[in-house]
Amino acid sequence: MRKGMFVAIVGPSGAGKDTVIRTVAEAVHDQPGIIFVRRIITRLSDGVTEDHDTMTPEAFEAGRAAGIFCLSWEAHGLLYGLPQSALDAVDRGNTVIANVSRSVLSEAVRTFGRVAVVEITADPEILVERIIARGRESAAEARGRIARSAAFHLPHAACNYVRIDNSGPIDVAKERLIKILGSSGENRRRAE
């Protein structure tokens, strides 16, 4: 059986990564071999933001030591992880999709082998508006977060890179990601 592929969804806060992922998951729910991974985060689920599993920082660190994560990282004072089942699914030939930090792309390539990187972004003012709408940060904090968003290093071994601008209607970004998931994963790098 051929090894599958991991699709790393990356981009700045407020780009709508989780919204795009959710709408695509709903659209392709009946397609076998496409799996969307639920992240584990040391933040309580609030029903408004991303649907995730929650762990205390202590339980997360114990889980990391026990090897329950195939990929983990820290960002914005929180711990994030993908369960080992994500790697198992790729090893079984599936296309596995998850929102990850740009800082772990090289580790993702080492872990999964075949990795496609989809960067979802939006106009900076839209990013600020979306972050403020979450109600967790002030306008100044949101602008600071966007200012800190840096370019990232794309690992040479990544088999595909696509940039999607999510400044407009969600259906545009959704259709672009669905098209990417339907592609064969050939080597290409482009912006859409």
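Heads up, the Cβ atoms here are built off N, Cα and C, so glycines get one too.
Unlike curated entries, TrEMBL annotations are predicted automatically.
If you draw a 10 Å sphere around the CB of D18 (ATP binding site), it holds 16 other CB atoms from the protein chains shown. Annotation comment: TrEMBL describes G11, P12, S13, G14, A15, G16, K17, D18 as ATP binding site.
Take the CB of G16 (ATP binding site) and look out to 10 A: across all protein chains shown you find 21 other CB atoms. Listed in sequence order, the residues I120, T121, A122, L127, R130, N166 complete the 8 Å Cβ shell around the ATP site centroid, once G11, P12, S13, G14, A15, G16, K17, D18 themselves are left out. With a cut-off of 8 Å between CB atoms and residues at least 6 apart in sequence, the same chain places A122, I126, L127, V128, E129, R130, I131, A142, I146 near G14 (ATP binding site), listed in sequence order.
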